[in-house]
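Undergrad: Questions regarding the structure given below will be posed in turn.
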Amino acid sequence: MQMSYAIRCAFYQLLLAALMLVAMLQLLYLSLLSGLHGQEEQDQYFEFFPPSPRSVDQVKAQLRTALASGGVLDASGDYRVYRGLLKTTMDPNDVILATHASVDNLLHLSGLLERWEGPLSVSVFAATKEEAQLATVLAYALSSHCPDMRARVAMHLVCPSRYEAAVPDPREPGEFALLRSCQEVFDKLARVAQPGINYALGTNVSYPNNLLRNLAREGANYALVIDVDMVPSEGLWRGLREMLDQSNQWGGTALVVPAFEIRRARRMPMNKNELVQLYQVGEVRPFYYGLCTPCQAPTNYSRWVNLPEESLLRPAYVVPWQDPWEPFYVAGGKVPTFDERFRQYGFNRISQACELHVAGFDFEVLNEGFLVHKGFKEALKFHPQKEAENQHNKILYRQFKQELKAKYPNSPRRC
């Protein structure tokens, strides 16, 4: 009896020692992981220690909750909106990177997650029922296999009102059913995506860019709203956070992030020094340079590239807003929403910049941070209906400017 008790004690001591050894090995691996950089090393960790079934169940539960109600219709009644397929958290002074994409352009999220270290929000547009289903499967696969997606990304879905999205069943065979890592998901997405001409959806449904932008920036005190095929400079999120933490004086200021486009997107410049070198040899140029030079000209690129190099991000100079400037910017306070009547191509961003000006915001250009669009914007890369859409939205923009006079009767500013 006494011997049996001693044996049991020895067994439990041995079991406890084994459990402690496993725990120490996991802690050791985590400490080694903290010294590594890049998505590949993080994925290797999650291959050794995959997320618990509970965390995956939570992802599925969130998707089910978001999809169960059938979504809500937007103000026009043309679109069905599913908020919060994925959710993220942020503190009051955080800056969220807000973007929008068609389903095939979600592959750009990988590059954004590498460069932007803070919270990210993406609104996805699915033009067909099949795309809506693919979007939910992608949300499940990305959040199941990509730690950064679970931790930092909010995802919303918009589709035509006549369609409804359904909860994906990961057990069913399909394009993403057998994937095991984050990189595999993005690789598969790159293979099944059908890159097309800008705004050419292949349907009679309009791309609701401003609805998507508003949805992506909902709930954020500070947001940088960009196109999904743009990449921010390295450290931009950290620099903005430090600025906002040190001062609360930016409530009525739009902090302009200069935007460029690069001829070849094989290697995107990480810092201003790399960008300026490419700019000087013509590999990088101002955004929209070949389509609408005045749309970005007030940024004053020649002044910006010649600013002395600094380690801290700060506003470098003030620029009075003028038509048709449509800068990319970070702003807090009561920022006007994007007018959702503007769809497809033309005047969808400038209308919001115009209202920002009339509402009393000032524009200050940041010294170091920047955005780079992948590829030169060329007229031939747009769909045939671009000019007709532009003319339609031009008429709407004239009406919009008249409406601003009634909305801001005491403002001395006009567009």
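In case you wondered, yes, glycine gets a Cβ from its N, Cα and C as well.
Pasting the feature list from Swiss-Prot:
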- Asp227, Asp229: Mn(2+) binding site (BINDING)
- Asn204: N-linked glycosylation site (CARBOHYD)
- Asn300: N-linked glycosylation site (CARBOHYD)
- 1-8: topological domain 'Cytoplasmic' (TOPO_DOM)
- 37-415: topological domain 'Lumenal' (TOPO_DOM)
- 9-36: transmembrane segment (TRANSMEM)
Undergrad: By the count of other Cβ atoms within 10 Å, pick out the sparsest of the glycosylation sites Asn204, Asn300.
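TA: Minimum Cβ neighbour count within 10 Å, taken over the glycosylation sites Asn204, Asn300, occurs at Asn204.
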Undergrad: Give the mean pLDDT for the topological domain 'Cytoplasmic' (1-8) on the 0 to 100 scale.
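TA: Looking only at the topological domain 'Cytoplasmic' (1-8), pLDDT averages out to 53.
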Undergrad: Return the count of C-beta atoms lying within 10 angstroms of the C-beta of Asp229 (Mn(2+) binding site), excluding that atom itself.
TA: 19
Undergrad: Give me the non-local Cβ neighbours of Asp227 (Mn(2+) binding site): same chain, 6+ apart in sequence, Cβ-Cβ under 8 Å, ordered along the sequence.
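TA: Spatial neighbours, sequence-distant, of Asp227 (Mn(2+) binding site): Thr99, His100, His373.
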Undergrad: Rounded to the nearest angstrom, how far is the Cα of Asp229 (Mn(2+) binding site) from the Cα of Asn204 (N-linked glycosylation site)?
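TA: Spelling it out, the Cα of Asn204 (N-linked glycosylation site) and the Cα of Asp229 (Mn(2+) binding site) are 24 Å apart.
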Undergrad: Take the C-alpha atoms of Asp229 (Mn(2+) binding site) and Asn300 (N-linked glycosylation site) and report the distance between them in angstrom, rounded.
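TA: Cα of Asp229 (Mn(2+) binding site) to Cα of Asn300 (N-linked glycosylation site) measures 23 Å after rounding.
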